[in-house]
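Undergrad: The structure follows.
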Amino acid sequence: MEISWGRALWRNFLGQSPDWYKLALIIFLIVNPLIFLISPFVAGWLLVAEFIFTLAMALKCYPLLPGGLLAIEAVFIGMTSAEHVREEVAANLEVLLLLMFMVAGIYFMKQLLLFIFTRLLLSIRSKMLLSLSFCVAAAFLSAFLDALTVVAVVISVAVGFYGIYHRVASSRTEDTDLQDDSHIDKHYKVVLEQFRGFLRSLMMHAGVGTALGGVMTMVGEPQNLIIAKAAGWHFGDFFLRMSPVTVPVLICGLLTCLLVEKLRWFGYGETLPEKVREVLQQFDDQSRHQRTRQDKIRLIVQAIIGVWLVTALALHLAEVGLIGLSVIILATSLIGVTDEHAIGKAFTESLPFTALLTVFFSVVAVIIDQQLFSPIIQFVLQASEHAQLSLFYIFNGLLSSISDNVFVGTIYINEAKAAMESGAITLKQYELLAVAINTGTNLPSVATPNGQAAFLFLLTSALAPLIRLSYGRMVWMALPYTLVLTLVGLLCVEFTLAPVTEWFMQMGWIATL
């Protein structure tokens, strides 16, 4: 029997999403204009909360759809303008180029990455040392590469690992739907579940590693560049200025990695099942045996392109996205990928997230137009100089957990610079505030996927449903890191930042401009 027109429309709306989720979004769309007529400020914060809700429910429905509907309505009712959204997109063009090209570029280096990380995984049998190595590697790479790039690398490796075992467990040699477990025996499902736990922990260690390394250098995160430019610091200056906070945080973060693995807290401690290790070992042995001279040349070419990638990013020879485009061109040309559809597969992972980030910029435009953060900024600047450092750090951390890091860092450094230029604070205090702003923006934001773009990218990637990594589970697994990084960072800002910076100046390592 044919269903009614209304029922058909309801089923099509947001597809397979639960009915309660569809109803909640409709209520949001009805309530927002009414609240906006009464209080634009309250409506602005309500929109932010609703957008966070769509991110939290990412596994129910990709946030681009509900978030996009909320953003379109916000522009339509006047919470912001289409022109302001365009300005925000233009201001963040580098980030969009990064997502479009750098993430796609990594796709053409997956053979090399899978080769390297397979050897790493098979050669290190201790889960603690393996977790530490993933965390350290991610931290080191994130000091030179964008965190999204590093996470994209680890995601591609994890999907490769998962795909290898899933094909064996399902007794299928060709590419299959990795989310389809219907052909897997009960015994294999138990092992697969343990393997998922193992991959979840590695992904979280690597994700936190990107935050540990990304905060240390001016090229580690997009907002770092903005803060460095506002303070007039170069690469070495930035590293030394941040080190009184970032070095102790890095050490404590790595110790936390070992601790949660040792004690099996917060969902960590799952080891690589021996059956999976055997499958990966067989795959590695078979791959090496079947590797032709042409395959070896591909690996060598990818390694050379990897050297070019790190060198170009470290020396900042061009914008990150353009370097990513050069990786695509070099890799496809030298490896021999010439078919348009084969090249197009590289963009499958990144473009939905690029669209989602563009929607997020419209929410940022609402935050600016409705001055949602103004009361907080005014409160902080009225405090004493000593209290300002901790307050800037704390409020940056709180806002960065629910908003865009680049936006929060930009707003605070601009306000601090304006206060310095007006004479409200000294140049020396401004430089200390720049450190507090940068560390406060980067460290506590690991608390939620909303705060770290790399975490959000992981949550909305094809890998997340495969390893059962939901929003809530990600927040839970990030909790020990959140507590350690936030508290150690706060203590360093409070007690070590000023005296160590003063000592650096006396040694002549840094100077006030």
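Note that Cβ sites are derived from N, Cα and C of the backbone, with glycine treated the same way.
Predicted, not measured: the structure shown is a model, and the values here were computed from it.
For reference, Swiss-Prot lists these features for the protein:
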TRANSMEM  23-43  transmembrane segment
TRANSMEM  52-72  transmembrane segment
TRANSMEM  97-117  transmembrane segment
TRANSMEM  120-140  transmembrane segment
TRANSMEM  144-164  transmembrane segment
TRANSMEM  202-222  transmembrane segment
TRANSMEM  238-258  transmembrane segment
TRANSMEM  303-323  transmembrane segment
TRANSMEM  348-368  transmembrane segment
TRANSMEM  391-411  transmembrane segment
TRANSMEM  447-467  transmembrane segment
TRANSMEM  475-495  transmembrane segment
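Any idea what these are sitting next to in the structure?
TA: Sequence-distant contacts of the transmembrane segment (97-117) (same chain, six or more residues past either end, CB-CB distance under 8 Å): 146, 148-149, 152-153, 156-157, 160-161, 287, 298-299, 302-303, 305-306, 309, 319-328, 331-332, 335, 337, 345-347, 349-351, 353-354, 357.
Residues 150-151, 154, 161, 198, 201-202, 205-210, 212-213, 250, 253-254, 257-258, 261-262, 268-272, 277, 280-281, 284 of the same chain, all 6+ positions outside the transmembrane segment (120-140), place their C-beta atoms under 8 angstroms from a C-beta of that stretch.
Long-range contacts of the transmembrane segment (144-164) within the same chain, counting only residues at least 6 positions beyond its ends with a Cβ under 8 Å from a Cβ of the stretch, are 98-99, 102-103, 106-107, 109-110, 113-114, 117-118, 121, 134, 138, 175, 178, 195-196, 199, 202-203, 206-207, 209-211, 214, 217, 219-222, 279-280, 283, 309-310, 313-314, 320, 324, 349-350, 452-455, 457-458, 461-463, 466-467.
Beyond the ends of the transmembrane segment (202-222), by six or more residues, the same chain brings 92, 94-95, 130-132, 134-144, 146-147, 150-151, 154-155, 158, 228, 233-235, 238-239, 242-243, 246, 249-250, 253-254, 257, 268, 313-314, 316, 405-406, 438-439, 442-443, 445-446, 452, 454-455, 458, 463, 467, 469, 474, 477-478, 481, 485 to within a C-beta distance below 8 angstroms of the stretch.
Within the chain carrying the transmembrane segment (303-323), a Cβ under 8 angstroms from the stretch's Cβ atoms is held by residues 94, 96-102, 105, 109, 112, 144-146, 149, 219, 330-331, 334, all 6 or more beyond its ends.
Using a Cβ-Cβ cut-off under 8 Å and counting only residues 6 or more beyond its ends in the same chain, the transmembrane segment (348-368) has close neighbours at 44, 47-48, 51, 62-64, 67-68, 70-71, 74-75, 79-81, 84-85, 87-89, 92, 95-96, 99-100, 103-104, 107, 152, 155, 403-404, 407, 453, 456-457, 460-462.
The list of residues near the transmembrane segment (447-467) in space but at least 6 beyond its ends in sequence, with Cβ under 8 angstroms from a Cβ of it, reads 52, 55, 58-59, 62-63, 95, 147-148, 150-152, 155, 158-159, 162, 178-179, 196, 199-200, 203, 207, 210-211, 349, 352-353, 356-357, 400-405, 474-475, 478-479, 482, 486.
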Undergrad: Report, as numbers and ranges, every residue of the chain located at least six residues beyond the transmembrane segment (238-258) whose Cβ falls under 8 Å of a Cβ in that stretch; write 'none' if there are none.
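TA: Tertiary neighbours of the transmembrane segment (238-258) are 128, 131-132, 135-136, 139, 205, 208-209, 212-213, 215-218, 224, 228, 231, 431, 434-435, 438-439, 443, 480-481, 484-485, 488-489, 492-493, 496-497, 500-501, 504, 509-510.
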Undergrad: Checking distant contacts: for the transmembrane segment (23-43), what same-chain residues at least six beyond its ends satisfy Cβ-Cβ under 8 A?
TA: 14, 50, 53-54, 66, 69-70, 73-74, 77-79, 370-372
Undergrad: Which residues of the same chain, at least 6 past either end of the transmembrane segment (391-411), have a Cβ under 8 Å from a Cβ in it?
TA: 48, 52, 92, 95, 221-224, 226-227, 360-361, 364, 367, 373, 376-377, 379-380, 383, 433, 436-445, 447-448, 450-453, 486, 489-490, 493
